[in-house]
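Here is the structure we will look at, set down as structure tokens.
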Amino acid sequence: MFDLIKKIWKTKTVTKTDLLTEAPERFRGKPIFVSNECTGCQACITSCPAKAITLVQNDNSSTISLSYANCIFCGICAEMCETNAIQITNEYRLATKTKTELTVTKQATFAKLLTAGKEV
Amino acid sequence: MEKTIKQWLSRMKQQLGNKVRSMEQNGAQETVMLVEKTELPDVCYFLWHEKKGRLFTMVGNDERDIHGFFALYYVFSFDSFRHFITVKTLIDPLDPTFPSVSVQLPAANWYEREVKDLLGLRPQGHPDPRPLILHGDWPEDLHPLRKDFPLDRHAPRVQSRESFMPYDSEDVTEIPVGPIHAGIIEPGHFRFGAVGDTILHLDARLFFTHRGLEKANEGMPLEKALFLAERICGVCALSHSTAFAQAAERLGGVTIPPRAAYLRTLFLELERLYNHIGDVGNICAGFGFAVGVSQGARLKETLQQLNERVAGHRYLRGIIRLGGIRIDITEREKEDIVRTLSYVKKEFQELVDLLFSHDIAMNRMATTGVLSLEHANQLEVVGVAARASGRSVDIRRDQPYAAYDQVSFHVPVYEVGDVLSRVRIRVDEVLESIAIIEQLMHSLPSGDTFTPLPPLPPYRSAMGWCESPRGETVHWLMVGPDQTVYRYRVRSATYSNWPAVPLAVKGNIVPDFPLINKSFELCYACCDR
Amino acid sequence: MFLQIAIVILLAPFIQGVIKKTKARMQNRIGPSIWQPYYDVIKFMKKDAVLSHHSSWLSIVTPYIVFVSIVTAGLFIPTYTVNNDWNFIGDVILVVYLFGVARFFTALTALDAGGSFGGMGSSREMALSAIAEPALLLALFAVCLSSGTMKLSDLVVSLLHNGWDWFTPSYGLAFFAMLIVVIAETGRIPVDNPDTHLELTMVHEGMLLEYSGRYLGLMMWAAQIKQLLLLSLFIHLFFPWGIAASGDASQIILSFLLYVAKLVALSMLLAFIETMYAKIRLFKVPKLLGSSMILSLMAILLRVFE
């Protein structure tokens, strides 16, 4: 019985009352679009397992649209992107107030032909 | 070894005579025997009983697009030869029946019921032909796994054909529990027949979390199928993705680079660690030992935070790729692992000493929920539950994969088969896993972390296997003509072990059932897919 | 009288909060706040109740019967003063059988909705109480023998004055016997686990599974009040010092504070025992209660010979 008491005393309180801090560096969090150019190779679109990234065709331009609602945070899109236009961060705070905020977009330029989706 | 296998195989062909229509190789470790469906029970019984094979998995496949027949594959594993023998039979769609093997092999029971539900191939003479996967309220002529059943079709519900064991005496109380439980656990329905507080019989109805993952995977490119394989179960995520990757690699004839093999082994052992330590803590909740629960949970959290720091995900998802591994570790991660594991080892040893010296806890665990060796052998139980009953199976030692042939480890086996033995096995395996990780860290080779997969030949099958924390998991994969999945069959350890739980529960009192259930620690999602 | 009822009703959730907080700290957690049971009772009282179609008028009436009978038992147990106008109506046996009425209705109504867990909880509760009630009575008799009276307030007064020593063996044996019975009657580990989520192992919680809304609030509150009353009984039989004997205001306040302090200490002891042990197998509980009865019998015999 005294071993039990000693063990409980030694462990102290494990739960915390501080607010959450940053996640570890390697944690796979939100993928974001950065300022690097998007060549429109569609490697991210073909390789996404959850179909979270789509190509939206407008009249004279195209945008890549990423929905966090479908994203499984695997990081394949960031691996496949040739220009590093998508990068994985360790951000884990994903809640938004409206559904539209869950989708982010990026303008795509077409250095490659539309049909050249990269074989994964 | 090659000569011995060839001699052994040719001798088997002689003994079976004209029951076997043909015998051919399928990769280095598998031999496929094609038999007529009438000879199926005899050949299977011969392999199981005379030649001491283990029923590894059984797959039913709708191959009408290929050659117009359904196919059944009964795979037997021969650990001493490190070889598999698959008994294959073709079934005419106009007569979708076959003689049941489970009359002589009790382990084939659930496989045949599943094939009847999902593909409509009826086993003749099956001792228990009730619906298994589809809960009896599906129309009898709808079979979802057939190729002509579209994935998004809704089936109309009909009057339930479900039935449970009827009891004659008035003294027997029928106690239904679930699928909605008072605590937050996975859904499963249990129907006890109890006299007072003693259990006479248990009927378990599972497959509430059947999501049809095998069907959903058909037609998917392999890289994406890997992600779906990972999500079959939360706590065995890495085992499932490794087994799938190994199946694809075996089909392509690819050997992964040594560094990838070592890293895969490292993370597999990390998965085993957090599972076993969490399970030991969880068992204390079965009899209200609060200190055990909180200490076990604290250590599991420490390990999951280690997973997050090293692999980026607490449950180790997203680290396997076909042909190798997606992440690499540096010196910093190595030091982190070594430091955390030495802390966890010390604390876990203290927790175990506390648990094993607590009289009430030991009294609750000893002689409760005994699974006899005979039952374990007949039902082909695997994993922790098997080793606790004296059945020494461990696929890491018997058919090594990844880097398990490069490390030396001991496989603990106990004889009694009660809850205490299963806890002891987990405790011993935690210490073994920590020792394996230390060996791996010392001799981690440098080099690439993956090799690319060549285009895979269509309509050929291969298996990948892995020892998850609960036991061996087998993924049987057949690839279609455009590098997509044609048929995917997962047989997890839980699928083999669930039929053994009603046998272990007989004769115990009702309040001991949660304790016995927790000692098996079977994940329903792995079983149901 | 109303002050006594008010104190008993309002203090009960506080004691539950102290027990939960102590248990949490012993599991290395921060735990809920001490006032959380108050928030829970208020929350339940505000919610709608949902009843099964198969239940009868019993499900609606029982929570009120249980609550009232337990609060009535609280009139006879001294809390902060020994002056009690209700003495002539009843004594310690009335208290035990008021608890019995509450237990009877709880167990009966658990069968009302037709669920299997209610039935299992009822049968286990009845089996355990068949031994727990005699054990409680015997332990009380062991103490009552000294002062020759069964009325509680007279009992406490005589304990105060005669100064029954701590070190008399019979008193010590009665102490341990009573402690075991208090653990069994309040439904704590090692007899029953109040925090369990496993419905197949529940004894008291199993009988409450079918209640919701204000009925559940009343049943839980009644269980907490019963716990408070048993602890008060225990304190005043074995640690009666400081209780007010007159109507003097300052003495009453002092006695009330001392009473609360003793309650808190005893609840922490209970939480400590709960953490140290695990739940024993159901069929061993009669042995535990039987040992309590033997201790009481020995105490009685020793007392006769002293």
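Start at 1 and count along the chain as shown; that gives each residue its number.
Using the three backbone atoms N, Cα and C, a Cβ is placed for every residue, glycine included.
Unlike curated entries, TrEMBL annotations are predicted automatically.
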*Among B:CYS523, B:CYS527, which residue does TrEMBL name as a further Ni(2+) binder in the site formed by B:CYS233, B:CYS236?*
B:CYS523
*Once near-sequence residues are set aside, which residues in the chain of B:VAL490 (Mg(2+) binding site), 6 or more away, have Cβ atoms under 8 Å from its Cβ?*
B:LEU213, B:GLU214, B:ALA229, B:ILE232, B:HIS240, B:THR473, B:VAL474, B:HIS475, B:TRP476, B:ARG529
*Whole-number Å distance between the CA of B:CYS233 (Ni(2+) binding site) and the CA of B:CYS526 (Fe cation binding site)?*
5
*Using the Cβ centroid of B:CYS233, B:CYS236, B:CYS523 as the reference point for the Ni(2+) site, which residues of the same chain not in that list have Cβ within 8 Å?*
B:ILE232, B:GLY234, B:VAL235, B:ALA237, B:SER239, B:HIS240, B:SER468, B:ARG470, B:SER492, B:THR494, B:ALA525, B:CYS526
*Check each residue in the chain of B:CYS523 (Ni(2+) binding site) that is at least six apart in sequence and keep those whose C-beta is under 8 Å from its C-beta; list them in sequence order.*
B:GLU186, B:CYS233, B:GLY234, B:VAL235, B:CYS236, B:ARG470, B:SER492, B:THR494
*In three-state DSSP terms, the structure that B:GLU214 (Mg(2+) binding site) belongs to*: helix
*Sort out the sequence-distant neighbours of B:CYS526 (Fe cation binding site) for me: same chain, 6+ apart, CB within less than 8 Å of its CB, listed by position.*
B:ILE232, B:CYS233, B:CYS236, B:HIS240, B:SER468, B:ARG470, B:THR473, B:SER492, B:ALA493, B:THR494, B:TYR495
*asked:* Suppose we draw a 10 Å sphere around the Cβ of B:CYS233 (Ni(2+) binding site). How many other Cβ atoms does it contain, all chains included?
replied: 25
